[in-house]
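Peer 1: The structure follows.
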Amino acid sequence: MGLLSDPYRRRALSRLILRLNTPLCILSYLAGLGWFLGLASLPFTLRSYMSENAMGSTMVEEQFVFGERALSYAREFAGHKKKVGGIPVAWLEKTMWNLGLEVYKQPFSRTLPFPDEMRERYMVKGTNVYGILRAPRAASTESLVLSVPCSTGQHNNQAVGLMLALASYFRGQIYWAKDIIFLVNEHDLIGMEAWLEAYHDVNVTEVLSSGMLGRAGAIQAAVSLELSSDVITSFDVAVEGLNGQLPNLDLVNLFYAFCQKNGLLCTIQGKLQRTDWDTLPAYVHSLQTLLLMVLKQGSGRPQGDHGLFLRYHIEAITVRGINSFRQYKYDMGTVGKTLEGMFRKLNNLLERLHQSYFFYLLPSLARFVSIGVYMPAFGFLILILVLKALDLWMKLSKCDAGPEEQLCDGDQGAVHAAAEESRPGLLTLVPPLLICHATGLTLYFLPVLGQHMATQHFPVSESEAVVLTVIAIYVAGLALPHNTHRVLTGCGSERGWMTLKLLSLLYLAMLLGCIALINFSLGFLLAVTMVPVAAIVQPKGPKYLYAVLLVLVTPAVTLLLSIVLYQELIEYPVSALECWQLFLQAVSEGLLDHYLYGSIVFPFIALFVYPCWLLLWNVLFWK
Amino acid sequence: MAAPLVLGILVAVTVRAVLYRSSLAGFISERVEVASPLNAWKRVVEGLALLDLGVSPYSGDVFHETPLIIYLFHFLIEYSELVFMITDVLTAVALYLAVQDFNKVVFKKQKLLMELDQYASDVAELIRTPMEMHYIPLKVALFYLLNPYTVMSCVAKSTCAINNTVIAFFILTTIKGSTLLSAIFLALATYQSLYPLTLFAPALLYLLQRQFIPVKLKSKGFWLYTTQYAALYLCSLMVIVCLSFFLLNSWDFIPSVYGFILSVPDLTPNIGLFWYFFAEMFEHFSLFFVCVFQINVFFYTIPLAVKLKEHPIFFLFVQLAIISIFKSYPTVGDVALYMAFLPLWSHLYRFLRNIFILSCVLIACSLLFPVLWHLWIYAGSANSNFYYAITLTFNVGQILLISDYFYAFLRREYYLTHGLYLTRKDGTEAMLVLK
């Protein structure tokens, strides 16, 4: 407290902030960026370990031997799927029934807000089929889920086969203390959302489904399996869920532990970890893995069918079998053993997974970065905004007090804000704030509401109309300052833009702070781009340079650059045209994610970040 | 002057009416920051249902409002939205009138002191002018009406709004100098939420000052008036309590309302300091710590009364803030009441040290409350420590804000008597340092 109440020290501190503002900001930015890049290196990461007692100390012996049966189920399923041209409900019901499961089906339907061109769907109708294996050792109070998406074409047939084989094997065992639900969901995430909503008897999105007849207990954990080949070379795990939510790290550890035990290769973000930890190429490799995770998490999209479970407080991961050109292949038996081991350990759980971390970044499967370690990187970036805001505040206070008026007791608290001066100053800020937020609201509501009108007047399809409207409104926002400065007459002073900038910096800091808690990656990606330019932007000096910089850091361009970076990282570079296609696709997917599953990225950008950015644009063109 | 107030009231009522009709109303009324176990509307409805069934509303462990409130809503349940809007407007108008009157008093006192030559010679810029004081009542009223905290608490139909109205009327009657009404409203406020008991001291000091009775322990007039005021207060309190007894024909409400406030059995998270501590604590220590925590509200009254003997309304403001920080089930509605008084002290602005940082902290905390609540309760990825950290920051921010105002007030008084430009013995410029 001495620092805040002692006027001498305060004066020294405020002088420090005023004089060294720019160097401090630069230092802070470099520190933030450096810290983030350092996260992939050894000193910042911890070796992952199992925190949950019930899963750590007990041993299980896997005895799954139905590998061949899995393949025959898969072939049979493929045949029936082809015949029906969708999910073979009757066959699945019959097969599961014969295995001794309680079988239920759940029809659902959902009309999308606008047609999804990539997956070619608009009015979706489908059926989920699931069988419940009742636990012989306990009342049905808790359950586990093994889910498999029933995709179009030849995909995931082996996954269904393996699931059925596992079900038949599990049926014969006596040690189950939790019900196990074997779920085949149609139309991937839409089906999954319908099933989860019906299971929990809620309706948070507009999906229509019949009520659910059979339930097991509260779901403790879920594994979603994707497998499209008879043999696999490695397993890939996807952890990022809706809005960047992550499952408890113990579940990932569990997967990793069993892959180790069975000698399976396992990857995350499609990257195999390297054994040499302290070399430069290894560091670059784990940095790439980390960046991929940040980009995927930042998108707020579920990276697999598990992503929707997390919202219901259920820990879940997606496991994908990969068949690449490696020499050594694993058959269904090994894959089944791995899954069996995971389920047996989950079966041992005494309480929900809660011991380990929920906020982490993974530079590889064996090591992780916890929230306490990665948050400072973000903190340094926010510090820039705070420093700049303090600087502006002190300057504003000074020009209030006037140069000749000596401060009565020396500290900067002696601010003489005459009511007549400050009131119009504050009132002039209202129109830009209102206009920017109105633009944000338009950006949020108009594209989907106005799609029919757009298709009537322009030769475009609905989904094109939506995406193009979004882009049009976004770009039209740039023209705003030229309109607002006419509304504001007589505010042409230094104070005006400084106050507006102060306001927008604080606004940005609070937005980024809030989103970084929910989705660190999104917050960090926005911060690392927007913060430096937000700090330097002003209506004086090289205006056009600032304008170019500001356009370069707008969320839309950040999205474009993220797509380029992502494509580079997965070693699948794209040309400019393809990149543009991907960008359009990403915009429409972002909207769909919001309307279908309740992702918050699009409303957050449209209603808050974009208006905040427009405020900065207003600062730049203040007259 | 009345026209802007009417305009402000219209805007405020429109905002509330729109919010009542929107889908946000349900969300807001579920927020723990807005509705505490004491004043949540859901619980009032539950109490009413029990009453209609002929069961004592206190028989469950849900309803903790006072009998008068439940009988009020027994008749007005159909118009509850209207009632809450009207209480808010009444509070604002009462505050407006009170501050208007208080400004006159302040101005008169300042004139008197200037004529008596009590002020130093170079304090011209500290002297308050009618020009700057003209808009203060309006600002106070609008600060209350348009404060998002008030709006949310009104939309959630938290009965906190009614407590605020009672306290506002108490302040109005005190400033108008009516001993009887002041005592009655103080008794009502005490009856409603117990803690306003501590407002007895500032009100007494103000009334004494108004009657030109010196605060001396030896003077007879002082004791006479104090006894009179205390007797009025206690009598009205007794009447109200007995009335409640006759309404329900049982004393059930005493443990259920005041016992509930004092012993803090409900540990639902809120913006206060109690819940986390008592959730963590072993049962057999809790009595001791409940006492320690509750003393906080009452303890500061004595030193503040000594220090701010001459400035009872500022004392009242600080005491209101202390209540809203340290009470057992605080909500943002309580915070809104003392925040409405901030414009009244706008002349202290030049002496405030950390107002910028503190307002940023308070706003950031208000935004982080729902975010961390979401992470803790819905996403399940954060835990109670995250939420409590923000609660703690919010309260520390409030405490620092109040101490900032307190210190600024004392400093201004010091400058008024000693001159603005202090010099040391060796002739250089001196500075006041808080140690």
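Here, residue 1 is simply the first one shown, and the rest follow in order.
From the backbone N, Cα and C atoms, a Cβ is placed for every residue, glycine too.
What TrEMBL says about a protein is an automatic prediction, not a curated fact.
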Peer 1: Quick one: which of B:257-278, B:323-344 does TrEMBL have down as transmembrane segment?
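Peer 2: Feature transmembrane segment in TrEMBL: residues B:257-278.
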Peer 1: Under an 8 Å Cβ to Cβ limit, what residues of the same chain, 6 or more beyond the ends of the transmembrane segment (B:193-209), are close to it?
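Peer 2: Sequence-distant neighbours of the transmembrane segment (B:193-209): 38, 163, 167, 170, 174-175, 177, 179, 182, 186, 215, 222, 225-226, 229-230, 233, 258, 261-262, 297-298, 301, 304-305, 308-310, 312-313, 315-316, 319-320, 322-323, 327.
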Peer 1: Quick test of the contact rule: Cβ under 8 Å, at least six residues beyond the ends. What residues does that give for the transmembrane segment (B:166-187)?
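Peer 2: Distant Cβ neighbours of the transmembrane segment (B:166-187) are 90-91, 94-95, 97-98, 101-102, 105, 196, 199-200, 203, 206-207, 210-211, 228-229, 232-234, 236-237, 239-240, 313, 316, 320, 337.
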Peer 1: Rank B:82-99, B:230-251, B:257-278, B:285-306 by Cβ pairs under 8 Å to the transmembrane segment (B:385-407) and hand me the top one.
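Peer 2: Maximum Cβ contact count belongs to B:257-278.
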Peer 1: Which stretch, B:82-99, B:230-251, B:285-306, tops the Cβ pairs under 8 Å count with the transmembrane segment (B:257-278)?
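Peer 2: Stretch with maximum Cβ contacts: B:285-306.
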